[in-house]
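Comments concern the structure below.
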Amino acid sequence: MEPPAARAGARGASRLLALALLLGAPSGAQAEVQGSVPSLVEVMRGESATLDCTPLGTQGHFVLEWFLADRSGVRHRLASAEVQGSELQARVHDSRGRSPPYQLDSRGRLVLTNAQVGDERDYVCVVRAGAAGTTEATTQLRVFAKPEATEVIPNKGILSVTDNFAQEIAVCNSPNGNPAPQITWYRDGQRLEVPMEVNPEGYTATRTVREASGLLSLTSTLYLRPGKADRDASFHCSVRYRLPAGQEGHLDSPSFHLSLHYPTEHVHFWVGSPSTAEGWVREGESVQLFCRGDGSPSPEYTFFRLQDKQEDVLKTDLEGNLTLDGVQRAHSGTYGCRVEDYDAAEDAELSQTLELRVAYLDPLELSTGEELSVHLNSSTAVNCSVQGLPAPALRWTKDSIPLGNGPTLSLSKITFDSAGTYFCEASMPRVPLLSRTRSFKLLVEGPPEVKPEETQPQAKGSWREGDEVRLVCFARGFPEPKLSWSQLGGSPAEPAPGGQGWVSSSLTLKVTSALSRDGVSCEASNPHGNARHVFHFGAVAPQTAQAGVAVMAVAISVGLLLLVVAAFYCMRRKGRPGCCRRGEKGAPPPGEPELSHSGSERPEQTGLLLGSASGGARRGSGGFRDEC
């Protein structure tokens, strides 16, 4: 079997080379033997290469010889094979120092194990067929080697964009390949079209070295005239190499950036994050000022403050950062930054200034103290003053309900509901998180007012003598009123749920006719006066009527119970003669037949009924005067 690389090389070249040259035949004779060989065989370095030579027109006996043709044209016999019928006698004559040596396989093909670049030669196959003549053909062997990893060495120095000539950018190496590869340069992914001739804008210089192994190493040096736009550019080189059957491969180097020197053209100066969109900073905070020039390398920065048109130098460094710790309102003013770049153009603006605005807000002041006492139905006004920059906004609130804006709070027709805590709040819409508040408590003095809790039931005539009722009385005023009842047993006054200055007291008692007539009063009093409320119950039903009805109901129940017991007793005594009849007088009345013992009704039942109906009335006693 042929190696795959040899078969691929044979497919890519001319498949047939027939030579009809008869060497050594008598004059006038015509050659009849021909040879078929591939003109080109391609393999990768390290693979085995097999060179095929197929004789055509032979008559069973011929001699096949392999020769190596050097660059001067001299042939060196390597191996030979004599074929007699199906037998082949092969012999290697000279391996020319190759290791491993040349080999012939069973078909007379020349085999080169572990092909190397030094094996790239022309190999001649000669077929001698006696009277049939002699023919020969040549095969060229190509050995490909993939280069090692691409190496790029950028210029570590600082390149000046002010120079008017091309400077060395980087060197790209592609070692140990075959044939020699091609090197291409890229900037930001775009191929650089640079010539190989020296010119001020840019060019490349290429050098190829053949190593002792026969492999080729390629070096390419890129020269460019860099510009300011190259400060952030990414460069790299790419190596393209050839493979058998017309294929290609490529290897990219790591990317790199240039260190450029270019003068400053513009300067930016601004206040850091604590500031607002309008440049305000809060008093007491730390503030950072940032200054940046667009030159490279980073220039030197000088910070200063302008006072009376004089520069007061604050700091000089290479970072361009200035921190002001705990700024105060006195720090407001004009600050500047200057870039020290002597390579900058004369018309370049190297200095910038800004206004630092320090916002502050002093504690609020009220025209009244922490408490303000006013009389019921009076009017008053409270002023809230503040100092701050920028001008703060004032608003008044009570129980989180807005009352108005501005420094003055006006209250008229004051009621007890007006009492409570009032807040004055100062804020700065243009400076978030900068605000202050101040509060005062309003006390409303006046005589108390009373509010009773309704009693149940409310309908007239619904109360009965002895019903228990709980009375609740509410009052408010300032000073806090005292609550008293016209009856004993009232609870001490305590704050009522819901606040608003109300206090409450309760009294539990039983309803009587006297209370219905006089009522129960609740009175609230303080130094400014008193207020009173009387609870009335209307008509109260008497307790006796209810007792008579109850006694009658009990009597009826007891009577019915006695009747049931008597009936039950007579039924049990039905077997005793004359039971329940001794109370009867004489015979039964006419028209009422006697009942036999075999009748459906029992004598005891009849006697009981008669005794109950007549005997008891006539004798002054019931039907139960004897056992029955």
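In case you wondered, yes, glycine gets a Cβ from its N, Cα and C as well.
Listed features, source TrEMBL:
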COMPBIAS  613-628  compositional bias 'Gly residues'
DOMAIN    26-142  domain 'Ig-like'
DOMAIN    147-257  domain 'Ig-like'
DOMAIN    274-355  domain 'Ig-like'
DOMAIN    363-441  domain 'Ig-like'
DOMAIN    448-526  domain 'Ig-like'
REGION    579-628  region 'Disordered'
SIGNAL    1-31  signal peptide
TRANSMEM  549-571  transmembrane segment
Considering the domain 'Ig-like' (448-526), which listed stretch of 26-142, 147-257, 274-355, 363-441 counts the most C-beta pairs under 8 Å: 363-441
Within the domain 'Ig-like' (147-257), residues counted as helix, strand or coil by DSSP: 8 helix, 59 strand, 44 coil
Mean of the pLDDT scores, which run from 0 to 100, over the domain 'Ig-like' (448-526): 85
